[in-house]
Ligand code: 13P
């Protein structure tokens, strides 16, 4: 069965970009595009994930946009609440600042900052318990794909967090499949390969939760306007997590439009 009744999400992951002046310009240009031709929340939900110091400014700048644009945190502390934890931002503090979504488990955090399955469980648990929606990122390396282990790796990454997700909290999870070899490389999984992995992820989710059929499963890895339409046409691809192309207002808008029109 397809997952095509799921409202898509298109989220721009700005990573450690851009400087403030460029961010303001990017927001302005994107708001103008929405002003000319808005995208309803029923057709496609839109989010952007700026660096943590910019979260509040970006949120404020989008407040009067013609379509809602959600502000998404790129990470959250493994520590809950408040306290003497220099440099950390907890799920409760994100919630207190009206930030509703957070990325957890991006491959850059797993690889460069040693976010292990144990740490990711703590982050996911804190975020869910604070009432946030978690965009949980998964994906295999090129070596794992070449060794025929892609599906097994990805399904294991989902199973890793299952022990900390309470039955009703699966509704607060969006999954983002981002094959590591496709991130920032210009290489995208073919729509067939991506759909086949997304279908396997959906089956895995359905075994864990009755909400599996309705959960959004986003694709990430060199998503551009040129490949967005084909990806959006796949029944189990319910949106995109966009890196590089989200730093260009026109490209990001076209990607959101592609998903909005497919539903
Ligand atoms: P690119 O779109 O630049 O490949 O990045 C994908 C990504 O990592 C989004 O989280």
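Every residue, even glycine, has its Cβ placed from backbone N, Cα and C.
Because TrEMBL annotations are produced automatically, they should be read as predictions rather than curated entries.
Binding site for substrate per TrEMBL: 13, 14, 15, 222, 243, 244, plus 184 from the candidate set 47, 184, 204, 212. Proximity of the binding-site residues (14, 15, 244) to ligand 1: a Cβ under 6 Å from the molecule is found for 244.
Secondary structure at residue 184 (substrate binding site), taken from DSSP and collapsed to helix, strand or coil, is coil. Cβ neighbour count for residue 243 (substrate binding site) (all protein chains, 10 Å cutoff from its Cβ): 22. Taking the centroid of the Cβ atoms of 13, 14, 15, 184, 222, 243, 244 as the substrate site, the other same-chain residues with Cβ within 8 Å of it are 183, 242, 245, 246, 247. A Cα-Cα distance of 14 Å separates residue 178 (active site, proton acceptor) from residue 244 (substrate binding site). Most Cβ neighbours within 10 Å among the binding-site residues 184, 244: this distinction goes to 244.
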